[in-house]
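Reading through the structure tokens given below for one structure.
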């Protein structure tokens, strides 16, 4: 592409790209853990009903102090099917007859019970405070936790659609900075939320911003990097998500109060917002939208940072116009979602890309929900999960550049689907093997998302890239919403949801083969670049540009 020649002059992989990528990584390292924050801030600790004779100090000191806590619990709380104290009911009156261990009561009716009308007592050994303990989100109210999490997912879906279009209209930098500031404000205010509805509203606002911070960072660096280095830069940025997961596990273990943890993960975002002024806007986007003066400034700044000051000073608006004349002519009109779906070849690409993202997200969420039942130490599990996905992302960077985007996604998809299907035939006693296969699946989904992000950006033209990313994120959120709902099918067969998870991933691996390979190919700038698929014409165009540069 013509822009690649401009980028080669200012440096396609130099000090500027490294510094800006490092800044984006720090932002995402702090922002992404908010997606996992409710693993800790909304953790449900062990709990039981508040009991008058057990938890009222005045009553306990009036004769019942000679009885042990276990005995008082036995006469106050009924047992569930697992012979453990009920979490949501208590006896209306103490069952003193239970103190006679040898007594039998063949004619005694079942003791009357009642809900926890006086509240609950929580196990605070792991968490001193969560939103669950603060607002009593247990028993009949426990479903409200899922409501909060679902709202966060829906917010990400809406955010991708809304800000994806705005980003293509007004630029990557301004949307990145606005979302970073709003995310910092919503996260900080959520830490001091007085009620659960206010907390949910603030989390919803944060969800709208979160994915746009990540997608605009990836888009910006994809447009500032040469074709051979796009996969590397994208992988590094996405790897900061995994480092954030490890950070989240450590902080969750150290900080056991949910408000303090929420503040700790939100306050640094204000500092990052101040530094975000130094971020360079995508020169490629500026040129496509005919903002040549601004594009020239950004190109010169990049050249100066990369140590090519002399080259940067030789760049002129006339040279930029002559180099990217066709892209400027085709990029004059405003674009919308309909422009993304109107051209036939681009429409097919978007359909395949959306299906792959949708089908890959379903098993990812299915595995995440299932893995939570395997680990009793969620702090350690969070760290291990982050470490595994970090290693996988590093490994997939090598495979992408050696075997290509399509084969990498296909193999990763099979490594998700096959272990899920194999797990169906393993007994519950084979827990170690089941966890190992599930962890393999989680790692493979990480590989899919990393490769898919790179592949997606290389298949969509610059003028529509943010809109396409927003649409792609919408299908990802649809998959995330559908995944837990599929567990309802267990009433028909306990294996049915897992069959769907496994098959959907394998289908994604097959569909990705219908997309063109993009390894070492320049990014398309316009819709015509996609529709004409002009590889031969690109070579001719590059030769013409080389002649212009020589003459210049």
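Backbone N, Cα and C atoms are what each Cβ position is placed from, and that goes for glycine too.
Among the features that Swiss-Prot reports, transmembrane segment is placed at 16-36, 144-164, 178-198, 204-224, 235-255, 267-287, 350-370, 378-398, 407-427, 435-455, 469-489, 496-516. Marked as region 'Disordered' by Swiss-Prot: 524-552. As annotated by Swiss-Prot, compositional bias 'Basic and acidic residues' applies to 531-546.
The transmembrane segment (378-398) makes no contact with the transmembrane segment (469-489): fewer than 3 of their CB pairs lie within 8 A, with pairs spaced 6 or more apart in sequence.
The largest share of C-beta pairs under 8 angstroms with the transmembrane segment (496-516) comes from 407-427, of the ranges 204-224, 235-255, 267-287, 407-427. Panel annotation: around the transmembrane segment (235-255), residues 21, 24-26, 28-33, 36-37, 39-40, 214, 217-218, 221, 261, 264-265, 378-383, 385-387, 389-390, 393-394, 396-397, 400, 446, 449-450, 453-454 of the same chain, lying at least six beyond its termini, place a Cβ under 8 Å from a Cβ of the stretch. Among residues of the same chain six or more beyond the transmembrane segment (435-455), those with a C-beta under 8 A of the stretch's C-beta atoms are 218, 222, 230-231, 234-235, 238, 242, 353, 356-357, 360, 363-364, 367-368, 370-371, 374, 385, 388-389, 391-393, 395-397, 399-400, 405-406, 408-409, 412-413, 415-416, 419-420, 422-423, 426, 505, 508, 512, 515, 518. Counted over residue pairs 6 or more apart, the CB atoms of the transmembrane segment (267-287) and the transmembrane segment (204-224) come under 8 Å in at least three pairs, which marks the two as touching. Long-range Cβ contacts of the transmembrane segment (178-198) within its own chain (Cβ-Cβ under 8 Å, at least 6 residues beyond either end) map to 27, 31, 34, 131, 135, 137, 144, 148, 159, 163, 205-206, 208-210, 212-213, 216, 259-260, 262-263, 265-267, 269-270, 272-273, 276. Counting same-chain residues at least six beyond the ends of the transmembrane segment (144-164), those with a Cβ under 8 angstroms from any Cβ of the stretch are 35, 38, 42, 44, 131-132, 137, 175, 179, 196, 199-200, 203-212, 215-216, 466-474, 477-478, 480-481, 484.
Counting Cβ pairs under 8 Å that are 6 or more residues apart, the transmembrane segment (469-489) and the transmembrane segment (16-36) reach fewer than 3 and are not in contact.
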